[in-house]
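Have a look at the structure below, then the notes.
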Amino acid sequence: MMLNSDAMELDLPPTHSETESGFSDCGGGAGPDGAGPGGSGGGQTRGLEPGEPGRKDLQHLSREERRRRRRATAKYRTAHATRERIRVEAFNLAFAELRKLLPTLPPDKKLSKIEILRLAICYISYLNHVLDV
């Protein structure tokens, strides 16, 4: 599954231009009162969900609190869950491949991950012993 660039940029800390400049994401300059080229100043920046505070509301918060709020969005949570699912699938696939290389009786015996690791350690030790003799 491929993640889009918007999901990946959520994990990055805000850049200097995002936190300290007066420019909005849509290319126009904003004055000290937050009014951009449209003049209203009440619009929200791109990518915000309903009920999520605008960038102006987040400026007084600490970096950690901004990160915490960004991670609380549904978009971030779904992207994180997708990355975690991919990681766990790769992890389980690696254990399955390792399991195929280990001799057990019966050959199709179900082993836990810790049993696979312990058996792999013992099997590597045995093979080293065979080579040394």
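Using N, Cα and C of the backbone, Cβ positions are placed for all residues, glycine too.
What TrEMBL says about a protein is an automatic prediction, not a curated fact.
According to TrEMBL:
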type	residues	note
COMPBIAS	25-45	compositional bias 'Gly residues'
COMPBIAS	52-65	compositional bias 'Basic and acidic residues'
COMPBIAS	66-79	compositional bias 'Basic residues'
DOMAIN	75-127	domain 'BHLH'
REGION	1-79	region 'Disordered'
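For the domain 'BHLH' (75-127), the predicted model reports an average pLDDT of 94. Secondary structure counts, DSSP: the compositional bias 'Basic residues' (66-79) has 12 helix, 0 strand, 2 coil.
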